[in-house]
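Novice: Look at TrEMBL and you will find 275, 333, 356 tagged as active site. Annotation comment: TrEMBL describes 267-359 as domain 'Transglutaminase-like'.
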């Protein structure tokens with residue numbers, strides 16, 4: 001009898017991509033599938049047909065130098081714990097038989113090779129054909145430790161290739177559009193290379209491949225590899241000085257450019273990143289690898305360098321914030337949450353885990369952080385892995401505010417509510433903020449005792465107050481500050497005693513980057529207030545746009561008031577930090593009703609100048625699945641109040657809800673104007 005010969009194998013790309021929900025990776029040269037689900041492979045035979053009575057097939061799957069071999073059976077019963085290969089008798093085509101290869105739900109992530117052997121009874125010859133597939137985690141498989149139960153969660157945290165990052169302050173959060181780009185050309189390959197370039201893989205390839213079944217291990221590897229402090233990581237961080245040798249972190253609009261630049265450069269760190277860039281790129285990598293991920297912002301984020309859960313802030317007697325402490329509070333800090341089962345920690349700690357790729361402190365000797373179960377952070381389970389004490393301090397440290405005069409402490413107050421005052425992420429399916437503060441900390445009821453220094457009267461309150469034995473001072477913004485308009489605020493002073501008081505009042509405003517101490521004072525006001533017994537006085541103040549717009553740009557404002565009792569020399573402080581809401585770019589589609597792949601579409605981007613002087617800049621338009629790469633335009637000088645409209649054309653490539661985003665980097669002030677529009681691309 002003639003030996004059975006395999007001429008080639010057909011990986012049934014379209015069918016397998018659809019079955020494994022990986023059709024976004026259709027541009028990859030290698031079939032992309034998810035573990036715990038079968039892959040159908042058709043055999044192209046040379047010569048005679050397959051005879052089940054005399055022929056048998058065997059499959060070998062290889063990862064690195066490890067392999068597993070299995071016979072091809074006629075039993076469709078698969079196991080989530082071991083590899084299995086089978087033929088479906090009911091649909092068997094003897095001329096072109098199909099073999100299903102099913103991986104365990106705990107198989108290692110990476111690029112696998114398979115070899116298909118055909119053997120005829122009585123012959124010692126083997127016919128062989130081979131192919132490759134990339135195996136990812138599978139959040140649709142209930143036996144996978146990254147399984148997340150609801151389809152809208154999987155769509156948001158795995159499939160969504162765009163999103164919003166939140167920056168600014170808890171009082172006035174700002175949404176920043178971001179393209180995660182996980183399905184863009186070259187991104188999948190860069191993410192797989194990241195695992196191979198890691199020190200763990202370079203040191204012991206076999207152990208790395210074995211450990212890649214575990215998302216806890218993958219998370220720590222990726223967290224360390226996103227920054228370049230210890231290895232050939234993706235991003236170089238920079239938080240001060242100029243960015244002439246690279247890209248200003250504020251100008252990045254998506255992860256794809258960063259990851260592909262890193263891979264194409266031979267794994268040289270991309271310059272530069274800051275916390276939201278580190279986190280967004282890590283989110284992309286984890287989504288590519290099949291691990292549900294989201295970007296989280298912690299407003300008023302503490303960096304406690306001495307582990308005492310206390311952050312100290314120092315002010316002068318005229319309200320100027322001083323740079324005196326190694327501890328710091330960032331107005332916001334951004335990290336990643338990944339969804340997984342924590343079998344290493346026991347029950348009750350599954351679900352969202354914090355992973356922070358921004359290099360702040362070492363964990364196990366390496367600049368990485370997590371995964372720390374969010375539930376463990378909330379309950380201060382500092383006995384568990386990984387990095388829970390650091391994360392607990394980040395969201396729950398106390399703030400001690402100190403007024404100094406001639407080097408001496410003249411006033412001290414404590415705030416237990418400010419740190420972690422708002423923790424948020426993008427809502428599922430909608431472009432808006434979701435408040436998840438209650439996942440990280442126990443929220444005190446509105447009737448609870450408030451600290452002497454500050455109180456947030458409602459979720460949107462702009463109130464900060466300070467109190468001494470004799471005086472209460474309240475500092476509040478009249479409305480959310482908007483670019484091009486004055487910053488209007490109110491100082492309310494209450495005499496708590498039945499004697500008249502003469503008070504000095506000092507008001508001070510400083511520009512401040514989100515992660516640094518403020519710069520020099522750019523606006524101040526001083527005066528005297530006379531208070532009758534038990535009198536309440538309200539003082540209205542404003543900072544004009546001319547006074548702030550050339551100084552602040554994309555920075556924040558630290559506003560403080562200090563009152564000094566001329567009789568008792570008591571001082572009392574109230575302060576607030578806020579950002580100026582930037583104008584938005586307006587993006588409009590010409591025809592939203594007929595957006596389909598392969599058909600040219602037209603949109604317009606409009607900008608109106610709110611500033612008191614002429615501006616010019618560079619406009620960048622991008623959109624994962626809509627525009628290949630980026631489109632750049634030069635905006636000529638535009639007078640105050642003037643508008644400009646830029647027409648753009650593009651050809652959508654992928655179906656689904658896609659984000660068209662634009663950013664305008666102004667050349668004469670430190671400001672980038674942004675806007676986005678969701679575009680629904682339907683099947684033709």
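Placement of Cβ uses the backbone N, Cα and C atoms for every residue, glycine included.
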Novice: Can you give me the average pLDDT across the domain 'Transglutaminase-like' (267-359), rounded to a whole number?
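Specialist: 93, rounded to a whole number.
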Novice: For the domain 'Transglutaminase-like' (267-359), what are the DSSP-based totals of helix, strand and coil residues?
Specialist: 14 helix, 42 strand, 37 coil
Novice: About how far apart, in whole Å, are the alpha carbons (Cα) of residue 275 (active site) and residue 356 (active site)?
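Specialist: Answer for this pair: 9 Å between alpha carbons.
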Novice: If I restrict to non-local contacts, at least six residues apart, and a C-beta distance under 8 angstroms, what lies near residue 333 (active site) in its own chain?
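Specialist: Those within reach of residue 333 (active site), by Cβ under 8 Å and sequence separation of 6 or more, are 275, 297, 298, 301, 358, 394, 515.
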Novice: Just how many other Cβ atoms lie inside 10 Å of the Cβ on residue 275 (active site)?
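Specialist: Taking every protein chain into account, the count is 27.
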Novice: Report, as a single number, how many Cβ atoms besides its own are within 10 Å of the Cβ of residue 356 (active site).
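Specialist: Around the Cβ of residue 356 (active site), 32 other Cβ atoms lie within 10 Å.
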